[in-house]
Amino acid sequence: MFASAVIVTTLLCFCSLHPAFGQDCPSRQEIQGSLKQVQKLLSAHEASYLQSLRNLKKKINLLQSAAGKQTTKAINSTCPKLDAPLNGRKLGKSHGVGHEVHFLCDPGYELVGAESRVCQESLTWSGQQPACRDINECASSPCTNGGTCVDELNQFSCICAKGWAGVTCQSPVPTFFVTMTNTSAATSPATAAASTLPAATAGPFVRPSRCTTVQGTTHCTCEPGYTISGRDSNICTDIDECELFHNGQAGRLCLHACVNTAGGYRCSCPAGYNVTRDGRSCKDIDECATRQNNCTKDQMCINTYGAFQCVRVDCPKIPNATYVKTSPM
């Protein structure tokens, strides 16, 4: 089109400057007709270009608007804050679309529900909020022989019926029968005990017996935890329950160490442990949970059997990486 206009204009100028060649030049009317056709073509193309320009401007405006909305959405594209379940923890601080949040329960509790939830494009979390449920160690009825189970944190203890002992009340407690001795009514074993018991042997582990005479027959008894001894049954000697049960006659009384006492016994635990309610078992002390540790804020406290450790965890430095703690350690 532009070439045609240039040719017409050039031809008009040439004929005007060189009239001698007029026989080869078109008439003025022909030239004006050609110029009108060129003008029509230019006008049509101008309208087309203007329409294309208007369409281009509309597309640019739409792109700018969409970009603005996308920026606003990116700023507000976070899901609502999630709370940690009762007796549990929530791992993960980012609430952006596509990010995961993990859940863990404290020792002695089990997780009911999803272990993790994902922030969706609808700005809602996937799944339902999980919960931490107490683990009932007594559900399996571990206490035997009429014992009562007491559910504790991450363990259980048994309150045994009379005559039974052990972690699950599995061991019978032996019965010590009183020895009866015939003596003369004139001399009671109680009097004899008081007069013949050496002062060096008197103490909490050796005591005189309690005797009564009925129709010429003397009956001597001892307090619980003692047994009759001596030539005239006038001495009560402490029963070493620790040695007796340790020898296997009725099973061990204590899970760790047994300490004999006057008329009884007690169980002891090593450092880092406490005696449980049943008085026989040992329970690890969680120094991390009870804050009985000296770990700094940059260190992670890890509970171990009878102790704890302070560990510093350094994650690799990777650009644009987010780390989420997924281990209860």
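Keep in mind that glycine also has a Cβ here, set from the backbone N, Cα and C atoms.
Where the annotation comes from TrEMBL, it is an automatic prediction and has not been curated.
According to TrEMBL, the features are:
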SIGNAL    1-22  signal peptide
DOMAIN    77-134  domain 'Sushi'
DISULFID  CYS105-CYS132  disulfide bond
DOMAIN    134-170  domain 'EGF-like'
DISULFID  CYS160-CYS169  disulfide bond
Chain residues outside the domain 'EGF-like' (134-170) and at least six past its termini with a C-beta under 8 angstroms from it: 87, 107-110, 245, 250-253, 255, 276-278, 280-281, 283
DSSP residue counts for the domain 'Sushi' (77-134), split into helix, strand and coil: 0 helix, 25 strand, 33 coil
Cα distance (Å, whole number) from CYS132 (disulfide bond) to CYS169 (disulfide bond): 31
Residues satisfying Cβ distance under 8 Å from CYS160 (disulfide bond), sequence separation of at least 6: CYS143, ASN145, GLY146, GLY147, GLY166, CYS169, ASP278
Neighbourhood of CYS105 (disulfide bond) by C-beta distance under 8 A, where only residues 6 or more apart in the same chain count: PRO85, ASN87, GLY88, ARG89, LEU111, CYS132
Model confidence over the domain 'Sushi' (77-134) (mean pLDDT, whole number): 88
Cβ packing number for CYS169 (disulfide bond), 10 Å threshold: 22
